[in-house]
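What follows is a short report on a single structure.
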């Protein structure tokens, strides 16, 4: 198959040539047997050399063998097989970039596989040729002296080794054949015995096959003395020229040349002065030469062999030259041309001026137009074209000649181009072809043409400013499609710009797609699946039509995928939120605009990432290992990169105990992008099982955890054992007990116990126990010896912490005593030193000190908290208490702990307050929101009370803020209210971003700054007007206005356009507005203006918020004048047969200054052009035409004239007649409904009779219904009109109209009024007012407004529309609306809004016609709203008398509207809210608070509101609670009255602060000094609050008593006390005398005589009585007149069977006097019944005696068995208490008779006890026990105690029988036996107490009987009782005077 012809073709790729070889025919001989042929190398490789740096070299080795497919080719170099660079089945070996390392022998080996043939081999050597390079080179310059030898080095290397060859001055050394030149073996050159001729350049060449290189040096041979070869010569030069002074010198070394002038060196090898140049030849060049340079110059030549010098004289002449040369001049034809030529010269040399024109000398004498001035100037007057030419001024003198040339041109302006034509270019849509005819150039070539254009009727502007003057046509490009253009052209020559050509007709360019993309494309990731794209429209000039919208396309960045497209169909929307993207992926985004012609170009692609997501895969290959007992090591690999979904922020190592999974421990590790990651978790629990895991996290959050691994921390030494205690403490042994350590830290394998004698280590004994043993009995101890005992647990790791204690053998430990003497010192803000005296140690060492404290609230009801514990300091006497809160009140107490337990608490320390310190934290949750255009709203969470660290009154906040866009100063605001949560920062710049920080401060200093937050003020209206406003009237109806943009700092938002405000000055009341949309157009042509009117014009910019400031002051500009309008009100008041008088008024539109009027008239039937014309002045208003034809019709025309000519005439017809009358009024007035609009209507009428005088005009009046006045609308309606449009009406308003006509005679009557007509409705003229938008919930806002003014409604209001959208810089597009169809509504709610977005809300009012203008936009932030509901389930529970606990539930979750930051608790007393309301703020979301420092037993109302970052929620309904009762205050007053020698009345007032329900009072009284050796304390308890008085009847005459009264609620309060002395008072009367009692059958009479009246006259008497059954004196009768000496009382007032004694007491102003002596006892019995017979009494006495004995016997038996068993015996009693409890009212007389105690002075022992004196009434129940609380088995609820103190201190003890008291004959036993609550108990004195000097007993009376008045009696008496008036208890009975009422 290979048989055939073969050829080779060579191709030159550069020039394309190729050559082809002749054909070679290959024939293959066939052989049936398969060939097996040994390998043979057909073409062996050859030895090859290559130059180093060659890109590659190829060795070829071709072999043959059979079968060929088994042939294998291999290559080896230096015996090593080569595998790289083989090609064509190994036939070719290519070595790339060969280097010296590739040199060697290459062997090609051909082997036939599967055979035994010897491989064929061949060799080739590869050598590398390296170009030569120098290894040693000579220096650039070699200095050598004559006769010396010098070696010039030169060495080179290369492969092969290069040859070196030397040259001198380009001549080979070999050709010089100089024997002194010798080439060294190293390659260098040696020159011996140097001669000066050896100086020169020596070159060393190195050559080999790789190339040639060269190096050289200059050899300088010196040492020849200098000699002149050319001496200096004298020289003369002209000033300003160059002077050359010669000085040539030879020598070796080369002599140094120095030029001097005098002593100054001017030039040398090292010195160079400007203008003086040392030449190479040695000469001096002076450039330029000045006059002062003249003088002698010396040339000095010096070398090592000598020196020499020579000088020359330089002479300098003044130069003649032109200093004011003529200049090229171009003059206008006919003017004078002046060519100046001023010269300076040496004054000794004369000069001459010669002028030439075109090189021809001018002779001024031949022409009067040409003058040469003395200063050389040439004047040519009346220039013309013949003067054009080149003028030369020559100055001739001996000092030199000079000349200057200038050209004179005489020119004029070019004419305007003609026949200007403009046509659209069909091939280029944006170009226009202009052509014109070349104009006359004004005798000066046209320099260029200027093409001007007007775009869309805008002012003319230059478009092409330099059109080639040779061209008569041009293509105008750069035009904007879809705009109209006009063109004009002018020529420009040297004179200036000629006239413009005529304007072309207007051309419209076709619309094209936008030619520029949108600009300022900004993309920002909004979420992990969306990107917000914003842009600005293309430049307005690139719109090429009206924009219809935008196309946004996007795709994955860097990938070739297809684009996704979004169509934004509104050109006003310049943003788009691209959604549904891939997480954390980069996209490239482009935007293009489109119009009606198509899509424009896309913008440059911007790239942006979607936001990060959380990782979706855990870290890989997680391995954990416990390094020790508290540390775990983690090893892991990152998750796959595609699953991280963001920037890897790091990893979190997690560990949690197996048994407590919620105790998660997290350690964050920064990412490490190299290798395996590792990290550690430390401080773990020892020997604990943990689950471990690792997760990766990005900024948005955590990824999934890796699968948990179970791992144990290592075992460690255990902690201390617990509860070390001692029992069975004997002299030589004790038992030690303990519990397992809390921190085992491993497996407990045993315990080690050690003991030693205290402080004697040599006595130490140690024992190891197994792990189940928790007690050990130590034996062999020494008795009464203190030992230190230590116990420690043991694990495999070692012995744990030792627990030790000291104990004395044989002495069991006890509980320690309390510390005492607490002293506080070294008080700082956060610590204090507590010094104390340790308490009793309990016979063992103290193991721990515990300090507790009351924090902030100090009081008995406040709780104590543990503040500090100190262990293992048994001898401590001072503790440093750390971690205190600054500026906080503390009270401390402490206790000590030993092995037995804790001691009681010490007494409380004094109250201290820690010092102040600056706050530790900054306000939390600082956020900033836009408040308005110039303010930001800052909110924060205030500091909690506990963080004030100082006086709350001094706590405040400091805000600092600054602009971010420039280096502005920092501004500061200070808020002094510590509870403030928000602040509005005012006076900021509009639309500006600020950065803010906050800190808290107090009186000491400021805390840290908060994190920085950023906020931007709201977009606003521009605060400045556009700049550089200029106006120019361009015609009579047009004004051109131009302006510059508003300064950037004052734009305050995006400028949407400009508004031009203009009004005719003094004519228009309100300005009109012309709107220019867009920020790029800054000029406008106002058209349609009134002619020759002065206008006020202003320009303002506006944003989407509204209009900015108009430019000020208004610019005044008047439109240009024009021909005027016609005069008005043309009438003919006088008409005669041959004359008429015409009167007119100036034109309504004068359009300029009226210069005059023209009156033209003709006969109506004559030729239309045959007028008689008269002109009058501008002030004339009438004209009389005469010589008229009678009874003829004439046509008159009146016209006005301005500067611009005559205006339009007003024509009227008049008949020369005298028969005229006023016209009839118009009739048939009609207003077609079809012609009625909202602001106009059409009035139609039929004219009435003209009264033989033509109607001149009509007057319309209009009246607004219902109450308007007639107003003249117009009085200049044309006489020819039969209809007129009435404008400027108000919509939806009813009107009536009327009309009158006016002719020359006068006015007609008004026509009949029209029917009422109502204009149509129009859209409302104003938007709703006072629009406010406030957050309502987290997804809704409340919109509130006020309706528009009624006069602006323009119809019937149907409702409102609310438009709202997310702000463009916050989120995506889309305006939504809500319609409120109720016109009376004033609020609406917008719901389902997006959280955390800013919305813009505008409102319109609408009727059936349409909507009003929109209100100003209002911004609101949605997502934060105050809680909508109050807290729930509020409970108010009393804690103490001054504290309430308030508990509540948070508001429902759906109403919280955010995170609840805290609560405000409002509380007040129920009956006085305004005076007592308080508020407590909780800045934590806790739902419980304690209200403290409240008034006790007071009803409080509590209301709670929750608050979040947006504000306070509503308050809850008040809940009621009452504080608990407390001890009441003291009674308000204490008063005594009716003080006798034995009785008095005490009264008191109710406490001001009851602090609860008053249960009663306690009255305690006692004598200040013992009476008869006894000091008796009487206590009376009164139940109930109504009675606040007490009658006391047991006083001793003249004794001073101490009284104390206390009120009781739940306990007794403080008492009010006073002293009072029993009567008689000093100065009171003496006792009455001779008291006599007489008794009759029914009454009893008492008589007496007056005694000593005392210091004042007697004012009256009282009678006291003492009944036999009571034994106490009491007031019987009072208020007896002073004149009485007797008193009678009926026997029925006395108690039967009772005898009475009476005495009389006189009274004066000083009080009650001394009582008289008692009268004889008188019986009250009038008859003697049988039961009073002696025998009956004897029987009853015996029966009673037997009954009493039986009762006593029973009591004795019962007492022995029951009572004495429970009561301790005691020593003698020294006090006796008598206690009485009275219910409200008590009873009329309560008597306690203790009654004449006869005390013996000696006492005998009886069973170690003695009894106190007992009260006399036998019916009282006494107990002989000391502290027994039971009587006859009943529990005592009320007790009466008597305490008695011994008068005589005796060591003996009395027996029960040592004291007996005689019982009275009568008692009130029956009253007390029926009262089960009345008991007396006797208290014995505690053991070991000494007896006081006097007996003292206290009596306490208790009674629960029915309510009567109360009296306490403690002495026997007989008689009646006095009851105070007016103080009777409800339901009680009044006792009868004279009776005790004991019934």
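Cβ coordinates are placed from backbone N, Cα and C, and glycine is handled just like the others.
TrEMBL lists region 'Disordered' for one of the ranges 1801-1824, 1825-1848, 1849-1872, namely 1801-1824. It is 1734-1757, from the ranges 1686-1709, 1710-1733, 1734-1757, that TrEMBL records as transmembrane segment. The helix, strand and coil residue counts that DSSP assigns across the domain 'Fibronectin type-III' (720-814) are 3 helix, 46 strand, 46 coil. Most Cβ pairs under 8 Å to the domain 'Fibronectin type-III' (1327-1425), among the stretches 226-315, 618-716, 922-1020, 1126-1220, belong to 922-1020. For the domain 'Fibronectin type-III' (618-716), the number of residues in each DSSP class (helix H, G, I; strand E, B; coil) is 3 helix, 47 strand, 49 coil. DSSP assignment over the domain 'Fibronectin type-III' (1530-1625) gives 0 helix, 48 strand, 48 coil. If you count C-beta pairs under 8 angstroms between the domain 'Fibronectin type-III' (922-1020) and each of 226-315, 618-716, 1430-1526, the highest count goes to 1430-1526. Secondary structure of the domain 'Fibronectin type-III' (1628-1726), assigned with DSSP and counted as helix (H, G, I), strand (E, B) and coil, comes to 3 helix, 53 strand, 43 coil.
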